[in-house]
Amino acid sequence: MIHPPDTRLVMAVPAVVVAVAALAVLVWLGAHAVRYLVADRKLRPVLRVAWRIKYTWRRTARRVGLAQTERIHSPWWSNRPPGTVVTRELIPAVTVAAEWWGVRVDASTVGRLGVEEFTQAAGHLADVWRVPLVRVAQVRPGLVRIRALLHDPLTQPATWTEPTDAESDPAVWVAGVDADEQPVTIRSAGVSGVVVAGLAGYGKTSFLNARYCQLAPSPAVQFVLIDGKGGPDYDDLFTRAWLSAKDDPEQVRDHLARVRELMVARQHAIRSVLGVKNVWHVGPSASWPLVAVVIDEAHTFLNETKGTDAQSKRLDALARETARLVEELIRKGRNVGIQVVLATQKATGDAIPTKIRDNCQVAISFAQRTSEAATAVLGSDITNAPDEHPRRLQDPAYVGVASMVAHGRPGFTLVRTPYVPDATADAIATATAHLVRDPLHLLTTGRVVADAAPR
Ligand SMILES: Nc1ncnc2c1ncn2[C@@H]1O[C@H](COP(=O)(O)OP(=O)(O)O)[C@@H](O)[C@H]1O
Ligand SMILES: [Mg+2]
């Protein structure tokens, strides 16, 4: 006997499904509502944007060109005739998180959709999401981070903290923090030339100050401090310097000649004293310290006026001599632990001879007015990185923010550098002044010890 189907059961199944779905929607809405209500007043607009981004992502991606289609054979279980070609849409998968500054969207790259395509779409994304700025960065291969900024975290000043022992290591240069407040380091081991460029008042001297404060407590570092501005910026720091000068070109030339003398002596002695050909293989030490030659407003000493009067000719000859010395120190000082750091408003060829600039392994740029000036310091790759372009930093909120190639990170990184108050720098200089040594003298005493040692 055939029983008719139980109509009550047949009707109950969809009803249960509908009830479960409705309950899920209610729970979901409830969770969002609770999150919204308990959120800080400042976070609520961020949450609204985050939800808009998350729930409209597929549509947005298609509209701004972040979708790709591919042609594939239909799978074996499909009821299409075997071998039929169908198209499939690829949209980068995203995870969305609300932060105090805005929304962080981590997107997995897919097909031809990588950091470049996201960067190109950034303007459109900002329009669709109705946020002032969208910034794109590659976090690691396969992952692109998009920041929809309601407030730019880089505009938040960073406070200076006393360096730890690891940070006083001359091989490490802690530059500051990135937009995610993660520490950013730049290469220092094996580096003999660093250029720091940027418009006046955007933080070059403060940046060098922070580096000085990081290194001053280390007996494995000696400083040569030269301030082309000639003002009081470096007055307090000179107490911890082996050699120091203001805008006196003759004295500067003499100091650099002395550093060159040290370089030549070190080149001769390195094998017998250290047993290696490159100091970075063993690291700088109290007896073979890193010599950090800081030349602020470096263009002051490297520019030729090409005047015809006697005074101009004398100064031009000095400038040529200084440029030659700087160039030689950067070209040959790497393996013996000499590091020249040049700060200048512009790094174009008229300010810093290209021979010097192009030999520097590390380049850092604070705000710049022109593309030409940015390219001069960071190289032509910066034109492909509009988000990290120094031209975008021309706003008082970005004083202390620089674009650079960071250690172990692809492309350019924007870094918020910490501000060291003058009193702190002064205190560090005074407390560490007893560490000043003459590296030439150390070399001769070190050699005596090495020569006396049994072989
Ligand atoms: N990292 C920073 N964070 C906040 N403010 C800064 C920072 N660096 C510099 N400043 C401010 O900007 C001013 C100018 O900085 P400075 O380093 O002298 O610029 P530059 O040497 O490029 O002309 C400083 O006096 C300070 O008030
Ligand atoms: Mg300055």
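Any Cβ shown, glycine's included, is placed from N, Cα and C.
No curator has checked TrEMBL annotations; they are predicted automatically.
Record features, source TrEMBL:
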TRANSMEM  12-38  transmembrane segment
DOMAIN    181-375  domain 'FtsK'
BINDING   G198, L199, A200, G201, Y202, G203, K204, T205  ATP binding site
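Local packing around the Cβ, expressed as the count of other Cβ atoms within 10 angstroms, is greatest for L199 among the binding-site residues L199, A200. Other Cβ atoms within 10 Å of the Cβ of K204 (ATP binding site), summed over all protein chains shown, number 23. Candidate binding-site residues: Y202, G203, T205. Fewest other C-beta atoms within 10 angstroms, T205. Neighbour counts of Cβ atoms within 10 Å were compared across the binding-site residues G198, G201; the minimum falls on G201. Within the set of binding-site residues L199, A200, Y202, K204, T205, A200, Y202, K204, T205 have a CB atom less than 6 Å from some atom of ligand 1. Less than 6 Å separates the Cβ from ligand 2 in the case of none of the binding-site residues G198, L199, G203. Looking just at the domain 'FtsK' (181-375), the mean pLDDT is 94. Taking the mean position of the Cβ atoms of G198, L199, A200, G201, Y202, G203, K204, T205 as the ATP site, the remaining same-chain residues with a Cβ inside 8 Å of that point are Q345, F366, A367, V399.
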